[in-house]
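TrEMBL annotations:
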type     : residues                         : note
BINDING  : N77, R78, H177, S178, Y179, D246 : beta-D-galactose binding site
ACT_SITE : H177                             : active site, proton donor
ACT_SITE : E311                             : active site, proton acceptor
Amino acid sequence: MSKVAFGKTPDGKTVDLYVLQNGRITVKISTYGAIITSIEVPDRDGKLDDVVLGFDDLTGYLGKHPYFGATVGRVANRVAKGKFTLNGHEYTLATNNGPNTLHGGLKGFDKVVWKAEELESGDGPSVRLSYTSPDGEEGYPGNLSVSILFTVTADDKLKIEYTAETDKATPVNLSNHSYFNLGGKNSDTIRDHEITLNADRYTPVDDTLIPTGEIAPVADTPYDLRKPTVIGARIDRLQNEPRGFDHNFVLNNPDGKLTLAAHVYDPKSGRVLEVSTTEPGVQFYTGNFLDGTDKGKGGVAYKQHQAICLETQHFPDSINHPSFPNTVLEPGKKYSQTTVYTFSTR
Ligand code: GLA
């Protein structure tokens, strides 16, 4: 475990980068945005490469970008029209995604500086990042204290454990927005990657990506990813614009125990990523909005379908859908979610 200076925010706050490694894999985490800036893992020949999109320096992250590696909250994903009612009170959030609120609003958890504490947990090197979101921040009720423990384990897992507590009822939905391309830094799109999702159902959306409320079976639709599926060929069967996956899949995970959600394989490099989570859903997003304008690490222009996101979370707009799993955290209760990314090769 080591810590390096990453720079300063425009208002003078110091930002550090924590480096967690186990001798094979190296993960870097920035205190700005609790952002995972890099994950280096070996391919089937032992060659290391960075498998997440992002920038070489803090300046890149301080600019406008689509949540590369970021922790998203207080409510990840969309809240329809930026409005919800809780305990008889209507709350209004800033809208930052067409008519809706996305990933916490104008200044979400991806744009604040987190406090860090280095730990050597039984499982491996860890860093705990914490942030207290004040009552009313981005329109949300209650002082919410959030803590995230990132650990790199001896068996090549990156474990992320989130907890949160509040002093007023508030919706909470935390996730990480890493963009994975298992081919590494200079790789082409993820069209050749194979994906398997442990999901029998998904939540269909309207054209602003808000769930209609229906929970539909994936069987006999292009959303059936229960067997290894080549992503590019499947994207070509979709009708949405910009073309690609940007859907919440309902995980086969009825009791909230840590369960396999996704398996991703890159036949070229042999790298495998498995994602397990305690969450009921995963937003599978294929970088549909990337269009070459974001220039990332090494100056690479990130094009459409350059990477995939597997955002483990509660369903989008849950706060406005009583039939979806509950996202309201009450005072005296503890929010927790655990997601584990396991890296291997074949
Ligand atoms: C999420 C959303 C996408 C897109 C990205 C960021 O994955 O579901 O629609 O907004 O974030 O660009």
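In case you wondered, yes, glycine gets a Cβ from its N, Cα and C as well.
Annotated features, which come from TrEMBL, shown on the structure.
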residue	record	contacts (Cβ under 8 Å, 6+ apart)
N77	beta-D-galactose binding site	L102, H103, N173, S175, N248, Q283, E311, Q313, F315, P316, D317
R78	beta-D-galactose binding site	N97, N100, T101, L102, T208, L209, I210, P316, D317
H177	beta-D-galactose binding site	P66, Y67, F68, G69, A70, T71, V72, A76, H103, D110, C309, E311
S178	beta-D-galactose binding site	I36, I39, V52, F68, G69, C309
Y179	beta-D-galactose binding site	V52, L53, G54, F68, G69, G287, Q306, A307, I308, C309
D246	beta-D-galactose binding site	L209, N240, Q283, F284, Y285, T286, N288
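Residues from the binding-site residues list (R78, S178, Y179, D246) with a C-beta closer than 6 Å to any atom of ligand 1: D246. In the three-state DSSP reading, N77 (beta-D-galactose binding site) counts as coil.
Its Cβ taken as reference, E311 (active site, proton acceptor) is surrounded by 25 other Cβ atoms within 10 Å in the chains shown.
Residue pairs drawn from N77, R78, H177, S178, Y179, D246, the listed beta-D-galactose binders, are separated by up to 18 Å at the Cα level.
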